[in-house]
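Colleague: Take this structure, written in structure tokens, and hold onto it; I'll ask about it next.
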């Protein structure tokens, strides 16, 4: 049976390690720290098969060169971003296969960075810094419109998709979400569960897309309550869903 595990790294990053059904090989997603990956491979007696990168930020690529050199494995990453270690550049809409793991689907997710991509594999969405549990990434290189479109693209995936994001930001994300959407009972329950998990030293990820659609404000920009909250915050009418998104993102950036 295939599986994907989040490895805590750096300040609040997650490196995702996925193993094949035979339990002999694994691939790494966004390895910001090679030592964390090496320790996990040693503990589980697994061989590294590939590295997948979602975007160029150093906390997601810091360990790639060391892993690629030591293990001589392919490195997949966004074709439109400059990541020197990527030797298999890919873009959204492409599919590729890895022996023992089957097929991967690549999705374009511009917004956080201009060339950000995500990977869909066996019901797992490796979303990097595009979609978080309870939130989304800051808009650094793209536009709010691009980011909103990217998230809507991800929101159309099957509801049982496991969202494997790049950071442990869930409690802060859900605290903001609860501020913007205080009458959402499911959101309040999820926030408490996330607090309990962190207090116990447990990760809050992966989530499911169904959870995100019910509680993540950045996927719910057509919700009347969130529209009103965003309008109250900015002091003007918001006619389009992407305007609601942009306002929520600016609001979150100030908290």
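Just so it is clear, glycine is given a Cβ too, placed from its N, Cα and C backbone atoms.
Values in this document were obtained by computation on a predicted structure and should not be read as measured data.
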Colleague: Which candidate from 43, 129 does Swiss-Prot annotate alongside 55, 57, 112 at the Zn(2+) 1 binding site?
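Modeller: Among 43, 129, only 129 appears alongside 55, 57, 112 as Zn(2+) 1-binding in Swiss-Prot.
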Colleague: Report the candidate from 167, 178 that shares the Zn(2+) 2 site with 59, 60, 129, as recorded in Swiss-Prot.
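Modeller: For Zn(2+) 2, Swiss-Prot names 59, 60, 129; of 167, 178, the listed one is 167.
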Colleague: Would you find the one among the binding-site residues 59, 129 whose Cβ has the most company, meaning other Cβ atoms within 10 Å?
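Modeller: Neighbour-count leader: 129.
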Colleague: Enumerate same-chain residues with a sequence separation of six or more from residue 57 (Zn(2+) 1 binding site) and a Cβ-Cβ distance below 8 A; give 'none' if the list is empty.
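Modeller: Within the chain, residue 57 (Zn(2+) 1 binding site) has Cβ neighbours under 8 Å at 113, 129.
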Colleague: Apart from 59, 60, 129, 167, which residues in this chain have a Cβ no more than 8 Å from the mean position of the Cβ atoms of those residues at the Zn(2+) 2 site?
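Modeller: Going along the sequence, the neighbours appear as 13, 30, 32, 55, 57, 128, 166.
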Colleague: Going by DSSP, is residue 60 (Zn(2+) 2 binding site) part of a helix, a strand, or coil?
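Modeller: DSSP assigns residue 60 (Zn(2+) 2 binding site) to helix.
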Colleague: Just to verify a number: CA distance, residue 112 (Zn(2+) 1 binding site) to residue 60 (Zn(2+) 2 binding site), in angstrom, no decimals.
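Modeller: One finds 13 Å between the Cα atoms of these residues.
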Colleague: If you draw a 10 Å sphere on the Cβ of residue 167 (Zn(2+) 2 binding site), how many other Cβ atoms land inside?
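Modeller: Other Cβ atoms within 10 Å of residue 167 (Zn(2+) 2 binding site): 22.
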